[in-house]
Amino acid sequence: MLVKHSVISNIGRLSSLSPSSSVLRRQQFLVRTLCGSRFNPLKLIRAMSSTSEADAESILRTITPSLDPKRHKGQAGKIAVIGGCREYTGAPYFAAISALKIGADLSHVFCTKDAAPVIKSYSPELIVHPVLEESYSISEFSEEDKRKVQDKVIGEVDKWMERFDCLVIGPGLGRDPFLLECVSKIMLLAKKSNVPFVVDGDGLFLVTNSVDLVKSYPLAVLTPNVNEYKRLVQKVLNCEVDEQNAEDQLRSLAKQIGGVTILRKGKSDLISNGETVKSVSIYGSPRRCGGQGDILSGSVAVFLSWAQQLKSGPESQKNSSPSENPAILGCIAASGLLRKAAALAFAKHKRSTLTSDIIECLGESLEDISPAS
Ligand SMILES: NC(=O)C1=CN([C@@H]2O[C@H](COP(=O)(O)OP(=O)(O)OC[C@H]3O[C@@H](n4cnc5c(N)ncnc54)[C@H](OP(=O)(O)O)[C@@H]3O)[C@@H](O)[C@H]2O)[C@@H](O)CC1
Ligand SMILES: Nc1ncnc2c1ncn2[C@@H]1O[C@H](COP(=O)(O)OP(=O)(O)OP(=O)(O)O)[C@@H](O)[C@H]1O
Ligand SMILES: [Mg+2]
């Protein structure tokens with residue numbers, strides 16, 4: 001037992017973990033492992049050192065590009081949100097406007113015809129394409145005409161695909177079967193063009209039922225909330241969510257889906273691509289108003305694009321770009337910034353804090369970490 005105690009304290013010194021609640025849970029799990037009959041110090045050391053609280057602020061500083069007058073419109077990011085239907089117009093708006101507020105140059109929304117005028121009315125900054133169709137609008141069509149409509153939808157998105165740095169698929173998409181079939185074809189197009197995509201909201205409903213759509217695509221990021229994560233774990237790992245062993249389960253899930261990046265939202269955000277697991281536990285806000293996940297998905301798209309630019313740009317030759325993969329960096333940066341902005345918005349608005357208030361604080365929060373000049 002003495003040996004076990006010294007192993008624990010040495011691991012404690014070796015690991016640079018900060019005392020977030022997920023880390024505490026993990027330590028409790030490890031102590032249980034230690035006291036159990038199958039004590040394996042090597043396994044324990046590996047487990048202890050594999051999850052760490054990410055330094056989100058330092059990553060934000062590294063990947064946020066400077067505002068160079070030589071750069072032209074588009075270079076700071078062209079994002080497209082695929083979402084917005086009769087029921088939900090707020091979610092795609094939140095994701096698309098957050099991308100602009102962080103610093104992307106252009107933000108598009110591909111939504112249904114009904115949702116488009118509403119989304120346009122929220123902001124003249126967004127480029128809104130009323131191209132998606134739901135079953136009710138084609139219910140009288142023959143199978144052949146339905147095919148034609150589908151081809152037209154895909155064609156409209158395809159015209160733009162190569163120009164986008166990242167897609168956000170799912171905020172306010174709804175679950176209409178015809179619409180989701182079109183969206184699965186849009187995912188195939190994105191993969192063909194090597195365009196990264198973030199899957200959120202109803203996009204995760206689609207992917208959970210057809211995991212092959214994202215399997216082994218390294219440029220896919222999934223951002224499930226509690227419910228969406230539960231459904232994904234049940235479908236892919238065929239078991240229930242294990243809170244006591246959250247990091248290892250997340251790693252297995254990401255690995256099982258072929259190394260996609262998963263950002264599991266919660267009290268602490270946990271991020272894994274099947275290899276490393278990082279956490280972001282910066283204190284955000286106690287308000288749980290709807291739409292904060294939409295800010296997150298739009299933000300991941302921008303930061304992922306910036307991290308990827310850094311990796312492929314001249315900085316990478318100077319060995320000054322971070323070694324971590326751009327999807328992981330994008331998730332850490334987005335989670336850190338959202339939490340900072342939520343804290344700032346809450347300080348100002350308290351109980352009446354809304355998602356729009358948090359969006360208003362994105363710029364100030366990023367400025368605090370990475371000043372424009
Ligand atoms: N303004 C807009 O247009 C917005 C539109 N949105 C869009 O809506 C679509 C559906 O997305 P979603 O998130 O509402 O669906 P889902 O995850 O099934 O949750 C549904 C229910 O699950 C529960 N629940 C949730 N969290 C929980 C927790 N931690 N722990 C326990 N239970 C929890 C809770 O149920 P309740 O407590 O009411 O029983 C909750 O109501 C999607 O397209 C999304 O993008 C949103 O982005 C918001 C802003
Ligand atoms: N219990 C919590 N404590 C602190 N922060 C949280 C908590 N739950 C979620 N968050 C933060 O809020 C953000 C949005 O997560 P949430 O679980 O609300 O997503 P969502 O349900 O998809 O939101 P949306 O309403 O946009 O669909 C995450 O980045 C996470 O950091
Ligand atoms: Mg959501």
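Note that Cβ sites are derived from N, Cα and C of the backbone, with glycine treated the same way.
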Where TrEMBL shows ASN225, VAL226, ASN227, GLU228, TYR229, LYS230, ARG231, ASP294 binding (6S)-NADPHX, which of GLY103, GLY155, GLY172, GLY363 is named for the same site?
GLY172
Spatial separation of VAL226 ((6S)-NADPHX binding site) from LYS267 (ATP binding site) - C-alpha basis, Å:
10
Those binding-site residues listed as VAL226, CYS289, and which of them has the most Cβ atoms within 10 Å of its own Cβ:
CYS289
Inter-residue Cα distance where the pair is ASP294 ((6S)-NADPHX binding site) and LYS265 (ATP binding site), in Å:
12
Which residues of the same chain, at least 6 positions away in sequence, have a Cβ lying under 8 Å from the Cβ of ARG287 (ATP binding site)?
ALA342, PHE346, ARG351, THR353
Enter the number of other CB atoms within 10 angstroms of the CB of GLY172 ((6S)-NADPHX binding site).
29
Work out how many Å separate SER285 (ATP binding site) and ASP294 ((6S)-NADPHX binding site) at their Cα atoms, rounded off.
16
